[in-house]
Amino acid sequence: MAMSLPQLGGAGGAHTQPSLPSLPAHLQSDTHLTAHLASRFHVSHPTARLSSHALISLNTYTNSSKGPDGGKEGSAMAGAEDIADRAFLRLGHRSENQAIVFLGESGAGKSTIRAHLLTALLNKSSTPLSTKLSLAAYVFDSLTTTKTATTPTASKSGLFYELQYDTSATTNPILIGGKLLDHRLERSRIADVPTGERNFHVLYYLLAGTSEAEKSHLGLDGGSGAAGTTQKRWKYLGHPTQLKVGINDAEGFQVFKNALRKLEFPRAEIAEICQILASILHIGQLEFETTSQTSVTGDDSGGFSHEGGTTVTAVKNKDVLSIVAAFLGVSSADLQTTLGYKTKMIHRERVTVMLDPNGARAHAGELARTLYSLLVAWILETINQRLCAPEESIANTVSIVDFPGFCQQTPTGSALDQLLNNAATESIYNLTLQNFFDRKADMLESEEVSVAATSYFDNSDAVRGILKPGNGLLSILDDQTRRNRTDMQFLEALRRRFDGKNAAIEVGSAQAKLPGSNFLTENTSACFTVKHFAGEVDYPVKGLIEENSEVISGDLLNMINGTKSEFVARLFGQDALQTVTHPTERTTVMQATVSSKPMRAPSVMSRKTTRAGRPSTAHRRQQQEALEELDRESQVGESNKKNANMTPEQGASGQFLASLDNLQKAVTDPGTNSYFIFCLKPNDRRIANQFDSKCVRMQVQTFGIAEISQRLRSADFSLFLPFGEFLGLTDSETILVGSERERAEMVIEEKQWPQNEVRVGATGVFLSERCWMEIAQLGEAVSVGGRYGGLHSSDAGDGLTPAESIPYGVSKENLVSGGNTPLMYGEKSKGGYFTDDNRSEAGVSAFGGGDMFKNLDTREQMAERGNEKSLEEVEEYRDKPSRKRWVALVYFLTWFIPDFAVRVIGRMSRKDVRMAWREKVAINMLIWLMCAVAAFFMVGFPMLICPKQYVYSSGELSSYDGEKGSKGAYVAIRGFVIDLENFIPNHYPGSDLVSETTLMKYAGKDITSLFPVQVSALCQGKDGAIPPEVTLDNRNTNMTGQPQLLAQRDVDVNSVYHDFRYGTNDSRPDWYFEQMYTFKHVYLKGRMGYTPKYVEKLARDSAWNIVTIHGKVYDMTKYMQGGLRMKTKPGEATPNIPGATDFMEDSVVQLFRSAKGQDVSKYWDNIKLSAVKKQRMETCLNNLFYIGDSDTRNSTRCQFAEYFILAISVLLASILVFKFLAALQFGGKNVPENLDKFVMCMIPAYTEDEDSLRRAIDSLSRMKYDDKRKLLVVVCDGMIIGQGNDRPTPRIVLDILGVSETVDPEPLSFEALGEGMKQHNMGKIYSGLYEVQGHIVPFMVIVKVGKPSEVARPGNRGKRDSQMVLMRFLNRVHYNLAMSPMELEMYHQIRNIIGVNPTFYEYLFQIDADTVVAPDSATRMISAFIDDTRLIACCGETALTNAKGSFITMIQVYEYWISHNLSKAFESLFGSVTCLPGCFSMYRIRAAETGKPLFVSKEIVEDYSTIRVDTLHMKNLLHLGEDRYLTTLLLKYHGKYKTKYLYSAQAWTIAPDSWAVFLSQRRRWINSTVHNLVELIPLAELCGFCCFSMRFVVFVDLLSTIVQPVIVMYIVYLIYQVASNPSVVPITAFLLLGAIYGLQAIIFILRRKWEMVGWMIMYIAAIPVFSFGLPLYSFWHMDDFNWGNTRVIAGESGKKIVVSDEGKFDPNSIPRKKWEEYQAELWETQTQTARDDVRSEISGYSYATKAQGPFSDYHGGYQPSRPGSTAGFGHPNMSRMSLAHSEMPGNRASQFGGSQFFSPEEMVGMPSDDALLAEIRDILKTADLMTVTKKGIKQELERRFNVPLDAKRAYINSATEALLSGQL
C-alpha cells in the first residue's frame, strides 16, 4: 500500500511541510532533515513535527512567541500549546495519564518551551490553583536555574512536575493539585561557581532586590549600589560581571517574594528564607588562617607542646562570622570551632580532623551546600504540602519531565554531578527510543500485525551498564561507598564487572608509569569511560567515592542541634536530611546526608471504578495492575522515610538510581501516554537567527531523529482500540452486516487513512492520534494552519485571563535577553507561567514598606539568643571566707568601674566573666602598686630622703677651669655658679676690650670682686633707705678652697668695667641686679656649697662671722670688721651721716657674732623684729652677704638612703651568689649501678606528628634501664587528626608500636575531667611488647575515644585529664578502692598480660610527646630517689632540639639553660623546686619504706582533679600551669619531702618557633607562676633559716616576677642618666648587673659551654621582651580563657549554684568494683581450660556503661578487649611473650566480634544478639553436626532475617563455637 501521508503544510515551498515523516524517503537522512529544518528556520518556522506526539523546536534566541507573521502561529510557543492541547484532550476523553518529556542540550530552550507548555495547561483550568502551580514553577526555577556559558536559564535540577486532575465525572478534567519532584540539584555549584557562569538565580535576586534596610539587616550593604549592583566581590556569586548579565534580578526578587506569599508562606518564613540565603553568601566570604589557640578552653588543660597553644584554623573576619552565626541561631565561637574541625568515620572509628585553612574553606562550603539543599528541599516540600491533592482523589496526572541536558564536561569539577546528570539523560533517551521503537512491538506481534523493521542506534548497553540494579555502574558506586572502599578499589570493581562484558563502559588502569620511570605507580588520573548516546565521557574516579557519600559531618549537625532558630531547626529536621544514628544511642546523630531523590513519588491512578460507559478491557486491567504495583512501591518509599534510620542508607548514586527508576516506571507505564519535545539549538554561539548546519546535524544524529522519522513512516500508532470501542466511536449504524473486524475494515477503507497510521489487528485497531481524533469527531477543533492543535474544550471560554497577560518573562521566549530584561527571562507583559489572581494582595503588601524584617528580631538579638546556652544546675556550694575577703577587696579596688560599662562596652554578658575581669584589673592594680613601690624605692626613696643638690664646693668649682680635659668653664659670683663658657660668646662689649682668653682665665674661680655692688640698690637697711655713697668690700675664694680676704690693692683691674656705683661717672644703681638676673635665668649651673663642718671650721679657725640659715650660708665678716665706707663722686664732699654704714639691725649682727659657724635657723625664726624689718634684713642678707648653700650630700641622711638601697642590692646579689654556688656542681657523671625498681614511663599524646611521637617513644624504650622493669604508658587524648597528619594520633601511636588495625578492644567507661556529662568518658586499652634496637619494652596505650554521643573531638579532655587517668588508677590501686571498667581493664592488662602487679611500680616518669630523653636519664633519677628516700620528685635539665629554628627559638636557648642551672639548682639546695616541668620529671608513687601513697595520695588526686574551675585564680592554676600546680600540691601536702633538680639527667624538647605560640606559652608560665607562688607563700613547711628560708626565696621570686617591667625601666633610666650626665655613673648598679651576667658566664665557661656566649648575647638583646613586654601582656591577659558553658549564679542564703549546658553528671552511670570482686567473678565465669585470659563478659558488660543495657546479656554489641600479646594473633612487633606467669587462667582471645563504632550501614536494622543466638540454637537442633558449617549457618540466618549479616559474622562464628563446645 503506497504511503500517502497528509500534506498539512498547505501550498508553498518545501519549508511549508511541518511533518518530517511526510517528507519523501530520499530526504529522510540526517543531512536532508537538517536542510529541511534550516529552510523552515529561515522563514521563521522554528518547529517541526515527527508525529502527533513528538515536536522538534529550534531555539531562535529571539522571542519564542512570535511566528513568521508576527503572531503566535508557527512559533515555538504555538507548538508547545499544541502539545498541551493534545495532552489535555486525551486526558479528558480517555482518562489516560499524560507525560511530556523534554530532550535537548543545554541552551536548546527546554526551559522556555516548558514554560509555554505549563502555561497552556494551566490556562485550561478555572481554579485559582493554577496560579499557585504557576508560581510554584517560578519558585522552582528561581532556586534551581542558573546562567551558564550556553544559556542564561540553565536548569540544574531534574524536574518531574505533576499536575493532578479529577477525570471521573466529565471529559473536561478538573485540576485538583500539583506536585514538584526535584531530582538531584547540582549542589557543587553553590560553593564553586564556574568561571563565566552564575550561581543559582535566587542568590542574585536577594542581593539586587532587597531594600537598603533589608540589606543592612542581612549584612549585604557593603558598597551596594542603587541599581542592584555592588562593588563587593561575593565568592559564591562568581565574578562581579555576573551581576550584570541582562537579567533584572531586582524585579525577580520581588516576584519571588510575592510568589512565596501567594503560596501561603508566612511573612516570617519568607524573612527566614532570605536570612538563610544571606548566610550562604556570607559563608562564602569567610576567610581562614592558621593560628595558635592561645585561649584555654574549659575542658582543655593545655600542656601539649609546651603549653604554647594548639595550631588551629580560625576565621579572620569575625564580623562576617557573627552574621552567619546570628542567622543560624548558634554562637560565633561554636561556628568557628565547628568549621575548624571535621569528624569522620575512619576504619569504624569516629575521628576528628583538625583542618587547615583550605580544609576549613571546604568545610564551610559543605555547610553552604547543606543549607541551600535543605532550604530548596524544604521550600519544595512545603509547596507540595499545600498544592498536592490526596492520593485517593487523583484520577489522572499530566507529568512534565525536564532534566538538564547532556554534559560533556563538568564546569564545577564535580564528576558525580556529571555522571548522574548524564545517567538521567541516557535513561530519558532510552525510554524515548522504547516509546518509538519497542513499546508496542509485543502487542503488534500478539495482534498479528507486521511492521517493517527500522534500524536505529540502541543505547541499551549504556543504560544497562549504568542503571542496572545490583551490578550497574551506579549500583556498584553505591555499594562501594557503603563498604567504605577507596577510589582505586571502586575502579577495580568496575573492571571486574565490565571488562569484556559491556561495550559501553571502558575502565582505565589504576596504575601507570610516570615519565622517566620503569615502575608502576598509582594512576592519579585514573578514570572510566562511558560511551553515551551523545558521545564518550571520561569520568575521573579520584574523590568519587567520598563525593558520592555526601556525608554531612556530625560537627555541623551537633552545632545545629543547639540552634536557637526554630526555622533552622525545621530545615534540619525534615525528611530530606537522612541521619545516621549510633547503634547504641539512637539520640546520637553520627552523620547525615541530604537526599538526592524527591521526597515524594509520582502519583498513581485512583482505584475508583471507571466511568460508566467506558470500555473495560484486558489492556486497561493490565494498566491498572501496573499502577497498583507502582503505588505499592511509592507507599513503601513513604514508609521507608519514616524508618530511615532503621535501614541501610544509600549514597547519592543509589538514591538517584531509585528516583530514576520511579520516573521511568511512571513514564513508561502502559496507562501513560507520552509526548516528546526535542529542543535543538541552531548554533553554539547563541546568535539569533543563525543556523549552523553542522551543529544542528550533530543534534539530529545524536537524538536519532532520522531513524525515528523513518520508523514513524511505517508505524505511527498512538492508541489501540478493541473493535467494539472503535466501532462505538464511528458512525457504523449503516453497516449492518459483517463481523466487528469486517465492519472496522470497512470504516478504515472509507476513511482512506495512510497505512502507517492505522492497522487492523486480531482483536482491535491500532490508530494514530490524528485518526483517533477524526473518528472521535474531535477533528473540527483543529485550528487552521495545519497543526494538530488548538483543541480547546468546550470550557475554553471560561473567562480565564489569556496567556498574553501573564507575567513571567520573555525568558521562556527569549533566552538571550537583549537588555535589562525583567526577571531572569524577559518582559513582564509577555506570556509565561503566571495568570492573574484576583485574590486580595493584602498579604503581599506587607512587603511594601521596604523592610520585610520590620517588627522581627534584629540581627543583634539573634546573635544574643544564639550565644545563650541551655543551662542545668549541676552543683551547689558556698564561698570560702578567703574568697569572700578577696571579692570584697576586688570590688573595693574597682568600685569606680560600673558593671554596666563592663557588660556593654566590654561585651561580657556573663557575671563570672565580668568578675574575672574585675579580678584581673584588681590584680593588675596591685601589681602596678608593687611596681610603683619598687620604682619608688629605687628612684624616689633616695630622692625623698636625700633630695638632689646642685651645689659645688670650691674644689669642685676649680675643676671647671676650662682647660683641656676639664668638664667645662664655671665661675662663682656671690654664691651662684655661672656657666662662663656659654656666656663668653655673649659678653659685651666683646673681645676688643677684654679678650676671650682673658675671660677664660677666670674659669674655676670666684669672681665676686669683679662685680661691685650698689648697696642702696640691693638693701633698704633698718629704716628703708641707705645713702647711695655707702660701699661694701668684696670677698673672693681662692682655688684651694681656702677663703681669703682681699685687700684693696688686690681688687681685679677688670672690675672697673663693672663698677657703676654712685661714686663713678656712670652711675647705674640697678646694673648689678639686672646682670645677675640674666646670669641666674640663663647661665646658672648651681650654687656654691659649704658643708656644716667647713662652715664651723671657717668660723673657728679664720674668725669668719658666717652662719647657716635654712640651708643658706651668709658671711658678714667684712661688714662686722668695718668693711663699709662712703664713696662720693669726684669733686663732691663726703656727707657726714651718723650710722649710715651701720644699716643692719644690731640683733642680726649680734646673731652672727654670737653663733658664728652654726645653723641659726631656729634663732632667726625667733628673732625679735617686726615682719617688715625682718623682711628687709632677709633681703639684705640674700643680696649682699649670701655666699652659697649648705652642702648635705655627705650627711647621715643621704648616706642612709644610699646604703639602704645598697643593702637590698647586696641581699639580692647574695641570692644570686648562692644560685651561682648551687650551679657549680663539678665532677663527672657517675654511672649508677643497675637498678631493679619498676617505673612507669608516661607520654600524653594529642596531635603530635609521627616523627615526634616515634622519637619520644623510642627514646624511652632505648633508655639504659632494665626493659622488663619499665612500662610505656601512652595516653592518647581523643580521636583527632592533627594538621599535617594523615591518621588520628592513636592510630599513629599504635602503628609505631606495631598494633594491627584488626585489634579493636571494647571502649570502657571511666571518670574524666570535664563539664557536666563530659565527666563520663570512654577509652580503649591496648598492650603488648615494643621492640626497637634490641630493646623489648612492655607498653600500654590508653585511647580516650569518648562516649558514642560525642561528635566533635571525641574523647578529648586535655593533658591534666590524661595525667589523672594514671594518677586516679594508681590511687585506687594503692588504696584498694573500687575501679571503673577501664581501670579494671588497665589492672588486668598490667597484671595478667604484662605480668607485673601494678603495686610494684614505684616511680612515674613523665615526658611530653615532643621530648627526647637521654639514655641514662631514668637511671640517674631513680638513683637519686634511692639515695634520698625523702625525695618525692625530681626533674632534669631540658634543652632545645630546635635551637636554630627561628629567632624566637634562639632567644630561648640561654633562658632555658640558665633557668635550670641557676634557678632550679638554687631551689634544689633547699629541696623545694617549685616547678617540675611536665615535659621531663619523675615522681615517687609510694614511699619506699611504708608503701604509703605519695604522688597519688588522696589529697593530691582530689585537689588536682578539681572540676569546678570557675575563678580566675583556679583557672590560672589548673588551666595554665597544671605542672607547676602539681608541684605546689606536692610541697603543700608532703612538706617533709623534697623536690630536686638533677643537672646530670638531660632531655631535649621543642620550643615555640612562632611569636603567637611563644607569647601564649609565656603568658601561661608567668601567670601560673604568680598564682602558684601565692599558693606557696602561706605554707609553713617550707624549709630554711633566717632570711634564706625557702619562703623568702619564693617571695623574692614572686616579687621579681611582678616587678620585672620596673627593673627594665630602671635599667633604661640608668642608661639615660649615664648618657645625659656622664659625670654621674651609678657604679653600684652596673656592678650588680655585671655580677649577674658575669657569674652566669663563669658557670658556662667552667662547664665549657662556649656556645652559650652567643646565646647569652641574644638573650640580653631580648631582655625587653622577656622582662617587659611578656609580663605586661601576661598580666593584662590573665583572664584570657574560653570560659566554656559552665557558670556560677547566686543562690539562696549565700550559696552558689553551678549551671552547665553539658547536663548533670551522675557518678552512678559509671559502675565501679574492686579488683578482688572483679577477679572472683572473672574466675567464676571462666572455664577451667588452659586458655589465654581476656576480659570476662562481666567486666565488659555488667560494668560497662548503662547505655549498653538494651543489648544481650551475653556479649552485648561490643567485642571484649583483646590483649596485645601475639599469642593467638601473631601480629608483628607486638606481644611475643608474657613478662611473668599469669595469675589468671587463659585467654579466649576475643571471640565475640564487633566494635564500638560499627559502620552505620552494617548496624542499623540488624537483629539483636539474642535473636541470633536463639535462631542458631534452633538451626543446630535439626542440623547434621557432621556436615554443618559456619558459613551455612550464616546463610540460613540471612534467609530467615532477610538481611545481610556480614557485620555479625564474628559473633555468629563465636556463638556457634560456644554452643557446640557446651559453653552456652
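Just so you know, the numbers here start at 1 and follow the chain as drawn.
Keep in mind that glycine also has a Cβ here, set from the backbone N, Cα and C atoms.
Per Swiss-Prot, the residue from the list ASN645, ASN1461 bearing the note N-linked glycosylation site is ASN1461. Annotation note: LYS110 (ATP binding site) sits in a helical segment as assigned by DSSP. Here the transmembrane segment (886-906) has long-range neighbours at 879, 914-915, 917-919, 921-922, 925-926, meaning same-chain residues at least 6 beyond its ends whose C-beta is under 8 angstroms from one of its own. The Cβ of LYS110 (ATP binding site) lies under 8 Å from the Cβ of PHE102, LEU103, GLY104, SER155, ASP402, GLY405, ILE677, CYS679, each on the same chain and at least six residues away in sequence. For the binding-site residues shown (GLY104, GLY107, GLY109), fewest C-beta neighbours within 10 angstroms: GLY107. Around the Cβ of SER111 (ATP binding site), the number of neighbouring Cβ atoms within 10 Å comes to 27. Each residue in ASN59, THR150, THR151, ALA154, GLY405, CYS679, LYS681 lies on the same chain as GLY104, GLU105, SER106, GLY107, ALA108, GLY109, LYS110, SER111 and has a C-beta within 8 Å of the C-beta centroid of that ATP site, without being one of the site residues. Per-residue pLDDT, averaged across the domain 'Cytochrome b5 heme-binding' (949-1011), gives 86. Beyond the ends of the transmembrane segment (925-945), by six or more residues, the same chain brings 893-894, 1197-1198, 1200-1202, 1204-1205, 1208, 1599, 1602-1603, 1605-1607, 1609-1610, 1613, 1675 to within a C-beta distance below 8 angstroms of the stretch. Listed in sequence order, the residues of the same chain lying 6 or more apart from SER106 (ATP binding site) and placing their CB within less than 8 Å of its CB are THR148, THR150, THR151, ALA154, PRO404, GLY405, PHE406, CYS407. On its own chain, GLU105 (ATP binding site) has THR150, GLY405, PHE406, ALA534, CYS679, LEU680, LYS681, GLN699 as residues at least 6 apart in sequence with a Cβ closer than 8 Å to its own Cβ.
Note on the domain 'Cytochrome b5 heme-binding' (949-1011): DSSP counts are 20 helix, 13 strand, 30 coil.
Counting every protein chain shown, 24 other Cβ atoms lie within 10 Å of the Cβ of ALA108 (ATP binding site).
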